[in-house]
Amino acid sequence: QIARSKQQKPEGTERWAHRLKWGLLLGLMALIYGSHAPLIALTKVDGRVPFSAASCVLLIESAKLLASLLSLALPGATSAPPPPPRLLLVAPYAVPAVLYALNNNLVVVMQAHMDPSSFQILSNLKIASTALLYSACLGKRLRSAQWVALGLLTAAGGFHSYSSLDLQGPQRVGVDGGPRLHVTAWGLLLVLMYCGVSGLAAVYTERVLKSQQLPLSVQNLYLYTFGVAINGLSSLSSIGGERGFLEGYSAVVWVIVAGQAANGLLMSVVLKHGSGITRLFVISSSMLVNALLSWAILGLQLTPRFPLPCALIGLAAYLYYR
């Protein structure tokens, strides 16, 4: 009995150490996700972003690719040299890059069919679409309590977005032809496409990472090679525009590039060893981090309803992981 108790103690310690590492990882990701919008706000000059979004995305993908190459060069990084790339092995990694590029373009097109506040609210439907695709495509059967948890997560995102609207501001003006809350029929269709593509990209990436018995650094190498190629084409198409490739870059912009690159690498760890549902909890938690940082850095005021989405996300996490 004494031997059994001594054996159980290290197992319990190891389990708590494992939970602590995952907690720190997910907390760091939520912090990086949540700091993205406030950092972009700090870069604005006369209310406009001074750098090219296409070049920023390309630099982020290039940084992730470089980090993957460096990880392969580290001593003991892999037990065996990576296999030579074969078409059937590498081709699946092109799909996520295409899906994410499609989503980025959908975001731009959607702005013509709805106001930004409506997009902010409706985009939370990607939580539900990801959960449905996760269950259907990966064959993961969720308990009733877990479906309730994901519903609460979607509600928390929508409520947080709605409670942050300035309903007395110019978004409500419409009598005299000014800007107002609006969504066209095409806008609703584009929202459904956006949420479906977003969920499909996450679920497909998870399936590819888990189905191939390759080191994660090798898989990242394939994944971000396509990311650099596709975003490089997008960046080339914008050459000759209003801004140069590195025009308007400041220390804050480079912090954004480094943070988003790190978050992409950490997300691949979550999809490889965790699940896409965990990714949803990270994104939902990052909304709260975003609000707190906007209050601390930009001086924006939190609404009295802010604790409600916090409580909904906490309850959702309890119901899903208990």
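From the backbone N, Cα and C atoms, a Cβ is placed for every residue, glycine too.
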52-70, 147-165 - the one TrEMBL records as transmembrane segment: 147-165
Long-range environment of the transmembrane segment (147-165) - Cβ separation under 8 angstroms, sequence gap at least 6: 117, 120-121, 124-125, 127-128, 131, 171, 181, 277, 280-281, 284, 287-288, 291, 303, 305-306, 308-309, 312-313, 315-320
Residues of the parent chain within Cβ reach of the transmembrane segment (86-102), under 8 Å, 6 or more residues beyond its termini: 197, 200-201, 204-205, 208, 212, 219, 222-223, 225-227, 229-231, 234
